[in-house]
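Undergrad: I grabbed these lines from Swiss-Prot:
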- 20-26, 48-50, ARG321, 347-349, 429-431: GTP binding site (BINDING)
- ASP21, GLY48: Mg(2+) binding site (BINDING)
- ASP21, GLU22, GLY23, LYS24, ASN46, ALA47, GLY48, HIS49, THR137, ARG151, GLN232, THR247, ARG319: IMP binding site (BINDING)
- ASP21: active site, proton acceptor (ACT_SITE)
- HIS49: active site, proton donor (ACT_SITE)
- SER315, VAL316, THR317, GLY318, ARG319, PRO320, ARG321: substrate binding site (BINDING)
Amino acid sequence: MSSKRQTKGCNVVVIGTQWGDEGKGKVVDWLTDHAQAVVRFQGGHNAGHTLIIGDKKTILRLIPSGIMHKTVICYIGNGVVLSPEALFKEIGELEAAGLDVQSRLKISEATTLILPYHVAIDHAREKKRGEAKIGTTGRGIGPAYEDKVARRALRVQDLFYPEKFSEQLRENLEYHNFMLTNYYGAEPVNYEKTLSEAMSYAERLKPMVMDVSSALYAAEQSGQNLLFEGAQGTLLDIDHGTYPYVTSSNCVAGNAAAGSGVGPDSLQYILGITKAYCTRVGAGPFPSELYDHDNPAKQDLIGIRLAEVGKEFGSVTGRPRRTGWLDAAALKRSIQINSLSGLCITKLDVLDGLETIRLCVGYTLDGKKLDMLPRGAESVARCEPIYEDFPGWKGTTFGIREWDKLPVEAQKFLRRIEEVAGKPIAMVSTGPERDETILLQHPFQD
């Protein structure tokens, strides 16, 4: 028997290399023209992907960005935590805009559910932390992942076994309500109301629920191209980020396999999305930081300009993002963790008009020079950035679609990023529209 495999499609993983908000949604939307399926493999509705097509702005929080393409199948993998309420709200918004969603959306039966008590715990916990709060979105993501690890989570497939679901829900609420009332001093969550709401979603979800792992395997074996869409960013990863100022899931490339039910051999090209500057939402160390709306000591005028020109406000929470220079030393950490094949630099146009542009290429920590972001929030917080300065450009990069038409200074800045990172730039995004993109290396045709 021949050991030669059947011809497979080409699969691409899109990963954020910073603290999220890198512009993954636009890039995924662009790449979807070459894919037959898009897969979400982690996170929940705590991160928004903003797409601008023509004069229409769409924010997707849970449903894969590929839903905007009429022939593409969208999968929500087992690594996602799913709020049925948030899902159907998003489906309603998309269907009101004329999109066929439910026939093209497939949900893993093993996906963990976010229920009202997860949201209640999230809010109560942040309130109790006070000034030491992590800065979660308050949508129950972390508590849902906690239940999953503790093996008490209710999953999508449990909705179709009402007796088992009701028993497990009662046990879960006994535990969580005890914590809410006795430790956090908050109101308990009502069992009957929670059960009724959950059961109301069961029949609506059923047509969309399937064995996603098997479906993806079959799609790949038939030669289809799969696109895996990450949420958040590498530096927010629960294991590899600036812990404890991280999200509650693994948002690195390796989890594209575990979070969707495919093997690692299925991940052929890893595209790292990198903003031309850095942003961060919420608490946590940020070595190249210039501006923080809530910190009087971080009010640098260039940082404020980056926030204003880049419209740096959370697409889900509306919170102002902290801004700073591009950190290539942190990017090197992300490249190491994700085995990136290439980079996509986004929002280059936000740097237009700056007299000088800085690139963080390393740090000084306790008298020693480092060329890569260290592990652990305590060490990162003590890092002093080492910068290289570049002359800005007078012309605009906005909407440019060809490399040779970029200002020479912009080209030199981008080439230096490649040199420091040790990886090629595959794409450059010069605006929010799908076609405002410079293609240097096609991920699906590499």
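Note: Cβ is positioned from N, Cα and C throughout, glycine not excepted.
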Undergrad: ARG321 (substrate binding site): which of the binding-site residues ASP21, GLY23, THR137, LEU348 have a C-alpha within 10 angstroms of it?
TA: ASP21
Undergrad: Determine, from DSSP, whether ARG319 (IMP binding site) sits in helix, strand or coil.
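TA: DSSP assigns ARG319 (IMP binding site) to coil.
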Undergrad: Based on Cα distances to ASP21 (Mg(2+) binding site), point out the closest of the binding-site residues ASN46, GLN232, GLY318.
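TA: Comparing Cα positions, the closest of these binding-site residues turns out to be GLN232.
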Undergrad: Between GLY20 (GTP binding site) and GLY318 (substrate binding site), what is the CA-CA distance rounded to a whole number of Å?
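TA: On Cα coordinates alone, these residues lie 14 Å apart.
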Undergrad: Taking 10 A as the limit, how many CB atoms besides its own sit near the CB of GLY23 (GTP binding site)?
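TA: Here the count is 21.
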Undergrad: Taking just the CA atoms, what is the gap between PRO320 (substrate binding site) and GLY23 (GTP binding site) in Å?
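TA: Roughly 16 Å, rounded to the nearest whole number.
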Undergrad: Tell me which of the binding-site residues GLY23, LYS26, GLY318, LEU348, THR430 ends up closest to GLN232 (IMP binding site) in space, Cα to Cα.
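TA: Spatially nearest to GLN232 (IMP binding site) by Cα position is GLY23.
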Undergrad: How big is the gap, in Å, between the Cα of THR137 (IMP binding site) and that of GLY318 (substrate binding site), rounded to a whole number?
TA: 10
Undergrad: At 10 angstroms around each C-beta, which of the binding-site residues ASN46, THR137, GLN232, THR430 has the fewest other C-beta atoms nearby?
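TA: It is THR137 that, of the binding-site residues ASN46, THR137, GLN232, THR430, has the fewest other Cβ atoms within 10 Å.
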Undergrad: Give the distance between the Cα atoms of ARG319 (IMP binding site) and LYS26 (GTP binding site), rounded to the nearest whole Å.
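TA: Computed Cα spacing between ARG319 (IMP binding site) and LYS26 (GTP binding site) is 20 Å.
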